[in-house]
Each structure stands twice: as C-alpha cells, then as structure tokens.
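Database features, via TrEMBL:
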{"type": "COMPBIAS", "residues": "428-438", "note": "compositional bias 'Polar residues'"}
{"type": "DOMAIN", "residues": "158-277", "note": "domain 'Csd3-like second N-terminal'"}
{"type": "DOMAIN", "residues": "290-386", "note": "domain 'M23ase beta-sheet core'"}
{"type": "REGION", "residues": "25-44", "note": "region 'Disordered'"}
{"type": "REGION", "residues": "418-438", "note": "region 'Disordered'"}
Ligand SMILES: [Zn+2]
C-alpha cells in the first residue's frame with residue numbers, strides 16, 4: 001500500500017535548516033577553500049506550491065513507494081498500468097539519461113497523479129530518488145515524455161569537534177557523535193607526524209571542518225580546514241591553504257605537514273644496479289620474477305638512511321633478504337632495506353627513527369651476489385617503484401605567499417576558538433546517507 005505524503009513537509013524542512021544555518025554564513029565565506037555548491041539562503045526557499053523536487057505538489061496526489069527486491073523499472077511501470085508497448089518506449093528513452101540498473105531495493109520513488117487514480121493515464125510525474133541528493137523525474141505533463149536528472153542543493157557549514165582521546169581517535173569521535181570520516185581525514189592529515197597506533201589517553205584534538213547537508217539531512221563530512229592534536233604533550237597544528245601551486249596542510253609556520261620520503265636511502269651519490277621491474281631475470285635464481293625494489297650498488301659499510309621518519313617494524317635476519325630493516329612511516333607507507341652488513345645502534349623493532357637517520361650499513365647478507373642495498377617502498381602493503389612514485393609535496397609556503405597564509409591561518413584559528421564556544425548547544429542528530437552518484 002502506498003503511503004500518501006505531503007511533500008510540502010520537505011519544503012518546510014528546507015526552510016528550517018536555512019534559518020538554522022544562516023548564522024554560519026559569515027564563517028563559511030571566510031573558509032580557505034570554496035565549497036562545491038554553497039548554500040544561497042534565498043535560492044533554497046521553495047515557492048509555496050513547489051516541493052523538494054520542484055514539482056507543483058498542490059495539483060497532485062503524491063504517493064511514496066520503495067523499490068522492492070527484484071523490482072525493475074519494467075515492473076514499476078507495469079504496476080502503474082503502462083502497457084508493454086509503452087514500457088518499452090519509456091525504457092528506451094530512460095536509457096539515454098539514467099542507468100536503470102542503479103535502481104536498487106530500498107530506494108524511494110514517488111508518483112504524482114491527477115484525480116487520485118493510480119492508472120497510467122492519470123500519472124503526471126514519476127520521481128525516483130537514488131540518494132538524498134539526486135533525483136530523476138519522468139514528466140508526462142509535456143507533449144511527450146521528458147526524463148531529467150536533478151539534484152537538491154547541497155550546502156556546507158563549518159563545524160568544530162573537540163575531544164579528549166580515551167582509547168582511539170575513531171572511538172572518541174564516534175562517541176562524541178562525529179563521523180568516522182572525520183577521524184579518517186584527521187589521521188590522514190597528520191599521518192606523517194603522528195603514529196595513530198601510539199595515540200593514548202589524555203591526547204586531545206580540535207578540528208574545524210565542513211559538514212554537507214541536503215535540506216536538514218547530513219550528507220557527509222567535507223574538507224578538513226584546520227586541526228590541532230596534542231599528542232604526548234606536544235601540540236601539532238595543521239591549516240588548510242590553497243593558492244597558486246600550493247595546496248595542502250601546513251603548520252603555523254607554513255611548513256608542509258606532509259613529509260615526502262627522501263629520494264634515496266643514501267647521503268651521497270649512489271648507482272642503481274637493478275631497477276624496479278615486474279618481470280626481471282633473477283641474477284641467482286636464474287628465472288623471471290618481479291623485482292619489487294631498487295638495487296643500489298655501494299661499497300660494503302656505506303651508511304643507509306631511513307627515507308622517512310617512522311617506527312621500526314622488523315630488524316633481523318630474514319633468509320634471502322639477509323639482515324633486513326622494515327620501517328612503517330604511517331598508515332600508508334612502509335620502506336624495507338635488505339642485505340645489510342649490520343644494523344645501526346638502537347635500530348630494533350619498536351624504535352622510532354627520524355628521516356635521514358642512519359639505520360644500518362651496506363653488505364651482502366642473504367641471497368646476494370655482492371655488496372648492495374635492496375630498497376623497497378610499499379603503499380598500502382603493495383610494492384611501488386620508488387623512482388617514479390607520486391608523493392605528497394612537502395614544500396613550505398614561500399615568502400611571497402606568507403602574508404596570505406598568515407591571514408588564512410589566523411581566520412581559521414579564530415573560527416576554531418569561536419565555534420568551540422558555540423558548542424554549548426546540543427549537537428543535532430545526524431543521519432548518515434550513502435552519497436553514491438548516479
Ligand atoms: Zn633487489
């Protein structure tokens with residue numbers, strides 16, 4: 001049984017959220033990055049007679065349905081009493097505009113009919129809503145059927161979340177009613193500075209970020225604009241800045257918070273004796289195997305540097321790899337160093353190493369034909385070519401942009417502090433939606 005709905009209620013929600021958010025307009029205009037679709041308070045106030053889909057709700061009886069298991073466009077139209085011939089021509093027309101396979105169980109659709117009849121002749125519109133933002137209208141009010149896609153306005157407001165970490169960042173943010181996406185973004189921004197596995201009780205964080213809404217419905221976390229984490233008594237700050245060639249997160253001094261890996265694990269010149277290859281003739285095994293790293297020929301005893309700061313995962317003798325060190329730099333990147341003659345002092349599992357720190361010395365331990373270093377970089381546990389990999393830029397803000405950066409930074413700081421004081425109000429109950437696109 002269809003449920004009759006007054007879609008005017010949607011319009012009312014839109015109005016309420018407008019007023020509710022108008023106080024956010026000022027801070028929104030000051031954010032460092034323009035939002036994809038900004039909310040214009042006047043544009044989203046619907047005309048009295050138009051509903052959330054821009055249709056004249058007063059003229060029709062509106063029924064809401066949900067797509068059932070195995071229900072296709074064909075069956076939906078069949079249930080609305082269209083003839084097989086008509087269904088065929090509607091489906092053909094629809095294929096040019098939408099992918100009918102994206103019609104999934106649980107998605108709502110609405111019929112707008114005249115005279116309270118369910119028959120196809122009385123049908124004026126059919127609206128399919130694959131997600132809370134996008135919708136598709138089948139319009140029979142014109143001379144011929146018109147099918148069009150549209151989107152309800154997405155608007156953005158800034159919000160602040162603060163907290164003291166109890167167990168993990170994820171748990172704390174979720175516990176405070178925040179999105180897990182926010183925890184993810186925060187850990188990505190600070191990935192080169194903070195080992196989130198070592199985060200502990202008493203660490204605190206404060207973030208300024210965008211929240212996206214469609215009407216009054218939460219549609220996901222937008223960009224992270226500024227963040228602070230106090231970790232083991234030390235304060236880490238990051239500000240989003242974008243101008244010219246510079247885009248990313250920077251410390252209060254304008255240094256990039258992202259740390260690229262060193263180009264090579266040596267201080268001086270080095271010669272590559274075997275490149276990264278998916279299909280190389282192995283020198284001792286005499287068969288084709290992928291070479292997941294780069295070999296550097298260097299005299300025995302040459303100091304090997306860690307290409308990034310991180311935590312030693314493994315340091316020991318591992319068969320063909322010989323004396324090997326594996327360093328985890330963050331959630332994403334790890335580097336591995338093989339065939340070492342010896343490890344540097346203090347290099348053992350669990351030890352923290354700085355970028356450029358000597359971790360060992362070139363040797364020929366394990367399966368090796370002469371002194372060399374086999375160096376591997378992996379991204380998400382998959383070996384990548386260290387010579388061609390794409391790493392985040394780690395350049396600082398140049399003097400020429402420093403004044404612009406300082407202005408953005410100070411504005412973001414103000415918002416962080418201002419919003420924190422506003423947080424006395426209760427947080428709205430947020431519903432998470434799947435923001436898949438058509
Ligand atoms: Zn190798």
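Using N, Cα and C of the backbone, Cβ positions are placed for all residues, glycine too.
Predicted automatically and left uncurated, TrEMBL annotations should be read as such.
Counted with DSSP, the domain 'M23ase beta-sheet core' (290-386) comes out as 3 helix, 53 strand, 41 coil.
Using DSSP to sort the residues of the domain 'Csd3-like second N-terminal' (158-277) gives these counts of helix, strand and coil: 17 helix, 54 strand, 49 coil. Model confidence over the domain 'M23ase beta-sheet core' (290-386) stands at 93, taken as the mean pLDDT rounded to a whole number.
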